[in-house]
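So the structure is just underneath, and the comments pick up after that.
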Amino acid sequence: MTHPPLGDMLATLRETTPLVHCMTNYVAMNSTANLLLAIGASPAMLHAPEEVAEFTVIAGALSINIGTISSSWAASMALAARAANEAGTPWVLDPVAVGATAFRQQVCTELLAHQPTVIRANASEVMALTGLTSQGRGVDATTTTEDAAQAAIGLAQQQRCIVAMTGETDFITDGTHHYRLTGGHSMMPRVTTLGCGLSALVAGFVAANREDPLTATLAALACFSIAGSRAGQQASGPGSFQVALLDALYSLTPDDLSSLSQLEALHAV
Amino acid sequence: MTHPPLGDMLATLRETTPLVHCMTNYVAMNSTANLLLAIGASPAMLHAPEEVAEFTVIAGALSINIGTISSSWAASMALAARAANEAGTPWVLDPVAVGATAFRQQVCTELLAHQPTVIRANASEVMALTGLTSQGRGVDATTTTEDAAQAAIGLAQQQRCIVAMTGETDFITDGTHHYRLTGGHSMMPRVTTLGCGLSALVAGFVAANREDPLTATLAALACFSIAGSRAGQQASGPGSFQVALLDALYSLTPDDLSSLSQLEALHAV
Amino acid sequence: MTHPPLGDMLATLRETTPLVHCMTNYVAMNSTANLLLAIGASPAMLHAPEEVAEFTVIAGALSINIGTISSSWAASMALAARAANEAGTPWVLDPVAVGATAFRQQVCTELLAHQPTVIRANASEVMALTGLTSQGRGVDATTTTEDAAQAAIGLAQQQRCIVAMTGETDFITDGTHHYRLTGGHSMMPRVTTLGCGLSALVAGFVAANREDPLTATLAALACFSIAGSRAGQQASGPGSFQVALLDALYSLTPDDLSSLSQLEALHAV
């Protein structure tokens, strides 16, 4: 199988600086904006019901993350997701800790009806979404990526979307084509909201490359894989890791992505 | 024309550590607090309608930024702005992306009635405030500073306030006296909420120097210009830039401001 | 008096990665999550009334900070504190700027009824809680630690909890046993929300060491003392200080805590 043109995806993002409408949790807002700016996209955070639908239509993509959800934010997210779906604006769902409480499951059920383009989640969140038994106890993944691959494929088929399940090994599927991606660094789980930011990065890549959301998703994850590895080589702890990660994303080139060796297309799972 | 005494403004701020009441967006809160602390001011973030008016009166200045506005926050901001105006507490308005949605225009119209001391905005926001056609599509400026200078002067005259319009080149006016300021660094737009933080910095300088808000505003912008240039020389990306900017603001001296060469008083625009 | 086993407290935290439910202010959320991850705990931020009580029971501890309080958050915090108290889940109260407004005093009065395990506050906040005259004008301490020691002891006895009063010198008491801790660095007050993050760190240590919350509290403060000193030696300003602090917390070992010399058990105050 030919290597997907990941470098082209980054080149297009840099040329078009897509506007990404982020409705994310309070913890992740600042770091998400900085991750988007570092790679070359343009973030906008807004959530008022008076304006979200108006704004979603002019954005290149919408990224929804339920980390610090409340009923009023959930209502705004549903408005925005509906508007995105109707306008053909791609959108990404990050169902943080969906297995942890009944409220989160209810919010995600409502959001899934608006047909996300991509679901970016960890393994326990994917399993919670598919209704399988999950040991999710918050934002941490306690299920291995391998165990959940079948759940991810089922979810992608059922929702007719891309599922990007991330962890030590990432598994990406549109229900038909499956990829495995390694890389990154063991210090990544010691920095908060990197997964949340990655979801917004996926939205940025999909905004810039609407004709090929699967390759765009792979490119976003590849950026994190490479930049994470490089940052880990320089960092002496999670503080310096964060700094180095932003610098590494900023310095990343399309050639870096094109020569990535950690991506593997799978013929069967 | 004599160079305005920018160094004195910083010296006064350091001596008095003014308390700045910030009602800002979720993305900017942490970075704004750190920018204020780095320069020597004291931030306080609170927004409940039960307490904003009580607190605004004991603060040295109020800084309002509508980035992640909602109707409940807009109501609290109006309460605080009214209290500030009545008590003679100076206040700064940052009308983030006011051109992007009807809701933002409505919120700003209400806030402008409470007579801000300074409006800190980018060129497209200034043009949106003056009712001129704007191409604003979010938080990024798509109008050049030069094009918008006349709009800034008109806004300052109409609102009887100072307008600090920032971008690659800054333009500052109270409607009668006009200044142009260069400096900074090309990496600044790649770090989120620096403009939001600058608005709060203006509030800090105005709080410490109430008798001369125009010079105080120039001093705040000059700090960003110098510290931004220095940070850019050290940084290898937006992550290390942020760190270096805080360190540079912390290390800035009144003499650094007094010897600034990038500030130009304009006799006509 | 034998040195309390602070190193054991850290070792237990690292082994058990306790889940800390944080209901904290918007400014502190990201930095608090990163401080918890750096030391080895697992943060979760959520606040919806639909889920807080359900979540508090599965968390190892709850940390409540009223920095950017509103009436809806106050209601959720009361729900969570009540659930924690009923389930025997330890919880920490950080009464930010309680002396500044009537609203904050009312919120804290309600929260105190749910019997916090630890109150982490600065001296002016402790004095405001005990009803003594306070000069609190926001988040900064304007009362010296020494002056407030008697107030802290009285508060600990009255509330039957631990009071960790932090400042240049920390004073820790359960009403019977008193400790004084020095260390840290003069740059710490120049970085926002470190005190807020420390409250959550206390919650993490108490979660991992429920049988001895006083020693757990001392261990959390000792981590900040040592890591702060080390970060200060490397930093050239508050930007690099923040980065170095996270790295230092990550690198801290149980032996570092066990050999701490800045902790003093007091026989009388």
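Each Cβ is built from the backbone N, Cα and C atoms, and glycine gets one as well.
Caution: TrEMBL annotation is automatic and unverified by curators.
As the structure is a computational prediction, the values presented were derived from the model and not from experiment.
What TrEMBL annotates here:
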type	residues	note
BINDING	C:M45	substrate binding site
BINDING	C:R120, C:T166	ATP binding site
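Structural mapping of features recorded in TrEMBL.
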residue : record                 : DSSP (3 states)
C:M45   : substrate binding site : strand
C:R120  : ATP binding site       : strand
C:T166  : ATP binding site       : coil
I'd like to know which binding-site residues lie near chain A: of C:M45, C:R120, C:T166, which have a CB under 8 A from one of its CB atoms? C:M45
C:M45 (substrate binding site) has its Cβ surrounded, within 10 angstroms, by a count of other Cβ atoms equal to 27
Between the residue listed as 'substrate binding site' and C:R120 (ATP binding site): CA-CA distance (Å): 19
Within its own chain, what residues at least 6 apart in sequence put their Cβ under 8 Å from the Cβ of C:T166 (ATP binding site), listed in sequence order? C:R120, C:A121, C:N122, C:G195, C:L198, C:L221
